[in-house]
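Colleague: The following feature annotations were taken from TrEMBL:
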| type | residues | note |
| --- | --- | --- |
| TRANSMEM | 21-43 | transmembrane segment |
| TRANSMEM | 55-73 | transmembrane segment |
| TRANSMEM | 103-121 | transmembrane segment |
| TRANSMEM | 127-149 | transmembrane segment |
| TRANSMEM | 156-174 | transmembrane segment |
| TRANSMEM | 180-200 | transmembrane segment |
| TRANSMEM | 207-227 | transmembrane segment |
| TRANSMEM | 271-290 | transmembrane segment |
| TRANSMEM | 325-348 | transmembrane segment |
| TRANSMEM | 360-387 | transmembrane segment |
| TRANSMEM | 394-412 | transmembrane segment |
């Protein structure tokens with residue numbers, strides 16, 4: 001047999017039993033730590049009751065699953081699966097000439113499905129999708145700050161609160177409606193982003209995260225403690241949106257006209273949510289288009305240069321102050337828009353909706369979807385917000401499942417669901433440079 005034939009022969013995978021057993025034991029210990037306080041100890045009246053049998057079954061299931069998975073991944077079929085997740089090219093690949101992305105087919109289908117969806121959706125499903133679209137907006141905004149500019153912002157929920165309370169306060173004290181507050185909230189949130197950006201221009205990494213986290217908590221505490229202005233923990237009511245003065249309720253206010261009477265149709269309680277869904281979907285499309293264009297403009301390249309190496313960015317003559325401020329302001333304005341839609345959707349706002357957990361959830365959307373990846377963030381937003389709403393029977397374990405999902409993603413897809421793609425040049429094989 002020739003050397004070429006020998007090299008072409010398939011290599012037999014050698015299964016390391018010892019490694020599989022070690023992984024199994026570690027998985028069992030982790031399962032004991034995680035499930036022990038939740039499953040193994042049950043509150044029975046005024047005392048705690050141990051459930052060792054149920055805990056043993058769960059730990060055994062985890063260990064068996066880890067053993068089978070470890071053994072399978074060492075087989076040729078498992079190795080091929082691992083190769084899909086792990087690559088030695090650091091995420092760099094050369095596409096063949098004439099390559100066309102599948103998005104040219106997927107995007108029109110998604111838009112068509114979004115147009116047809118309201119005609120068949122129930123009120124509950126419609127509200128769940130609205131919530132998902134709101135988090136898509138939040139994810140896209142934070143993706144600019146964290147994913148593109150590389151600025152770790154842990155207080156992003158503050159801009160979200162500014163938009164939501166902007167609608168409530170604007171209506172109560174100035175009589176402003178949805179359409180007036182929508183652009184104003186984006187502007188005010190952008191100005192707040194600029195105010196936050198100036199003090200943190202020289203900060204990086206952990207220090208930047210601490211300052212932004214403090215900013216988010218300051219906004220929440222102000223909303224919670226300024227009783228005479230924001231209502232404190234009791235919150236504030238938010239008016240329903242209108243469409244050219246037409247109201248979506250069964251009965252309009254004095255001098256107003258319900259939209260169903262104007263159109264001569266029967267009243268439907270979904271009118272308000274249908275309106276919010278349509279406007280929100282159009283705004284999401286607009287933000288997607290703006291982000292798509294900006295990432296291909298000099299400002300988008302400047303964000304990426306700042307993320308990779310700020311010193312090199314400044315050496316190239318780029319104004320790092322303006323680059324950071326533009327990222328903060330654009331991301332904040334997007335959160336302000338999302339806040340207005342959230343307040344209109346909920347009809348009520350209070351500080352408990354804008355805790356640090358919301359900032360962590362939005363950051364998880366960016367990390368899970370892929371830093372800088374637009375499509376990945378859209379998918380992750382629905383995975384992390386819509387799925388828990390549809391699985392309310394597991395409400396007590398939502399945070400646990402959320403943590404497990406993030407750990408698995410960091411192991412299997414450390415670059416996120418969808419890696420960010422960039423255009424470049426490569427020398428074709430067989431062609432002289």
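Any Cβ shown, glycine's included, is placed from N, Cα and C.
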Colleague: Between the stretches 127-149, 156-174, 271-290, 325-348, 360-387, which wins on the count of C-beta pairs under 8 angstroms to the transmembrane segment (180-200)?
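Modeller: Out of the listed stretches, 325-348 contacts the transmembrane segment (180-200) most.
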Colleague: At a threshold of under 8 Å on Cβ distances, which of 127-149, 325-348, 360-387 pairs most often with the transmembrane segment (271-290)?
Modeller: 127-149
Colleague: Cβ pairs under 8 Å only, please: of the recorded stretches 156-174, 325-348, 360-387, which one is richest in them relative to the transmembrane segment (127-149)?
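Modeller: That would be 360-387.
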